[in-house]
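Peer 1: For reference, TrEMBL lists these features for the protein:
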| type | residues | note |
| --- | --- | --- |
| ACT_SITE | Glu101 | active site, proton acceptor |
| DOMAIN | 107-337 | domain 'Radical SAM core' |
| BINDING | Cys121, Cys125, Cys128 | [4Fe-4S] cluster binding site |
| BINDING | Gly168, Glu169, Ser200, Ser223, Leu224, His225, Asn299 | S-adenosyl-L-methionine binding site |
| ACT_SITE | Cys342 | active site, S-methylcysteine intermediate |
Amino acid sequence: MDINYKIKDGRVDLKSLNSSELIEYIESLGEKKFRANQLYQWMHEKLVTNFDDCLNIPAKLRESLKENAYLMALEPIRVQTSQIDGTQKYLFKLYDGNVIESVLMKYHHGNSVCISSQVGCKMGCRFCASTLDGCVRNLTASEMLDQVYRIQSISGERVSNIVIMGSGEPMDNYDNVIKFLELINSEKGLNISLRNLTVSTCGLVPKIRELADLELQITLAISLHAPNDELRKTMMPIANKYSIEEIMDACRYYLDKTGRRISFEYSLVKGVNDTKECASQLIDLVHGLNCHINLIPVNPIKERDYEQSNKDAIMAFKNKLEKCGINVTIRREMGRDIDGACGQLRKSYMEDSHESSSND
Ligand SMILES: C[S@@+](CC[C@H](N)C(=O)[O-])C[C@H]1O[C@@H](n2cnc3c(N)ncnc32)[C@H](O)[C@@H]1O
Ligand code: SF4
């Protein structure tokens, strides 16, 4: 696996190392293996953000770690809490000044965190705020982990589900995402079951197949949004590279390998993909596949002209699918009062800071 663990002034990104890599690193400093186990526990179980908080680590080793290694800790710069349902949106500053967003959603079955996988996104989907300024960089495994760790520490809420559905295309940052899955699932860390993890992709077919070969018990969510290639190309540039047929083949492969039901995300846009004809095509497309369809009333962004389908059209679409025995839900809008589509909080923060710096 080609992951660059060096970060910030060439120091080693300790939180991205699994326990055997950490042992190897600590032994390379001339220290005993049990120190690595202690350190792993401080980082991934006790969720410390500072070497000085690792109380049973000798001061000499702490100093050496400060010099040679880096303990990834995101800086929370804004937290918005919904008065309606308690959903919280977090803005975090990264070590290089970039900003990302994550969301904590509270459900009856537990707390779910939606994390970002990249700073921005290069995929260019027309409805999405995350892609408006392109992709700045991939997030490291430690930066993905720390979104969960910080949210759990700040909110005091135990996180049981994670969806990689924030800004970025996880399959475009494949190695770091796989490492994140390994670490978050680690028994020595938060030990979150892979069954409680969802990776959402716009459909990078070769990576879906690579992921299937790992036979992990995670849920694969496909951002489909259109039932035919012609329409999909108007909404998502990736449709020019991979056809829906190729995506469906990859989904069948994923299902064969993992036994996991596939999720499809379908954002309903008024007059674009919410017609009876689209519903019929979608029914034909998923016929016989063990899947679930999540209908999302599109969240309009000011930079684009897409409008949300009206309630009647959404219900008619859902009913048509249901009549054909398809598992379908309409995604509940979480945190409507603090809303903004995914990526919008970051975008408005960037615009505010740009404005205030140009007014200085
Ligand atoms: C932001 S993406 C991140 C994961 C991955 N890149 C993908 O496309 O699946 C997560 C989900 O949010 C959806 N999404 C993005 N912008 C949206 C908007 N304005 N309204 C509704 N859903 C949106 C995407 O289509 C996708 O299903
Ligand atoms: S929907 Fe996903 S793939 Fe498309 S631009 Fe947004 S983050 Fe990227």
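Glycine is no exception: its Cβ is also placed from the backbone N, Cα and C atoms.
Keep in mind it's a predicted model, so treat the numbers as computed, not measured.
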Peer 1: Given a separation of at least six residues and a C-beta threshold under 8 Å, show me what packs close to Leu224 (S-adenosyl-L-methionine binding site) in the same chain.
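Peer 2: Set apart from Leu224 (S-adenosyl-L-methionine binding site) by at least 6 residues yet with Cβ under 8 Å, we have Gly203, Arg232, Ile244, Ile247, Phe264, Glu265, Tyr266, Leu282.
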Peer 1: Got a sec? Which of Cys128, Glu169, Ser223, Leu224, Asn299, the binding-site residues, have CB under 6 Å of any ligand 1 atom?
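Peer 2: Among the binding-site residues listed, those whose Cβ sits under 6 Å from ligand 1 are Cys128, Glu169, Ser223, Asn299.
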Peer 1: Within 10 Å of the Cβ of Cys125 ([4Fe-4S] cluster binding site), how many other Cβ atoms are there?
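Peer 2: A 10 Å sphere around the Cβ of Cys125 ([4Fe-4S] cluster binding site) contains 20 other Cβ atoms.
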Peer 1: So if I take the recorded positions (Glu101, Cys121, Cys128, Ser200, Leu224, Asn299) and measure from each Cβ to the nearest atom of ligand 2, which come out below 6 Å?
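Peer 2: Only Cys121, Cys128 meet the Cβ criterion.
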Peer 1: So if I measure Cβ to Cβ from Glu169 (S-adenosyl-L-methionine binding site) and keep only same-chain residues at least 6 apart in sequence, which ones fall under 8 Å?
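Peer 2: Looking at Cβ-Cβ distances below 8 Å from Glu169 (S-adenosyl-L-methionine binding site), excluding near sequence neighbours, one finds Ser117, Gln118, Cys121, Lys122, Met123, Thr201, Cys202, Leu204.
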Peer 1: Have a look around His225 (S-adenosyl-L-methionine binding site) and count the other CB atoms within 10 A of its CB, chains all included.
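Peer 2: Excluding its own Cβ, the number within 10 Å is 25.
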Peer 1: Whole-number answer please: how many Å between the C-alpha atoms of Cys128 ([4Fe-4S] cluster binding site) and Asn299 (S-adenosyl-L-methionine binding site)?
Peer 2: 9
Peer 1: When you measure from the Cβ of Ser200 (S-adenosyl-L-methionine binding site), how many other Cβ atoms are you left with inside 10 Å?
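Peer 2: Result for Ser200 (S-adenosyl-L-methionine binding site): 21 other Cβ atoms within 10 Å.
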Peer 1: Could you round the CA separation between His225 (S-adenosyl-L-methionine binding site) and Cys125 ([4Fe-4S] cluster binding site) to a whole angstrom and send it over?
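Peer 2: Distance between the two Cα atoms comes out at 10 Å.
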Peer 1: Around Gly168 (S-adenosyl-L-methionine binding site), how many other CB atoms lie within 10 A of its CB?
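Peer 2: Its Cβ has 30 other Cβ atoms within 10 Å.
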Peer 1: Cα of Asn299 (S-adenosyl-L-methionine binding site) to Cα of Cys125 ([4Fe-4S] cluster binding site): how many Å, rounded?
Peer 2: 13
Peer 1: By Cβ count within 10 Å, point out the most packed of the binding-site residues listed: Ser223, Asn299.
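Peer 2: Per the Cβ count, the most surrounded site is Ser223.
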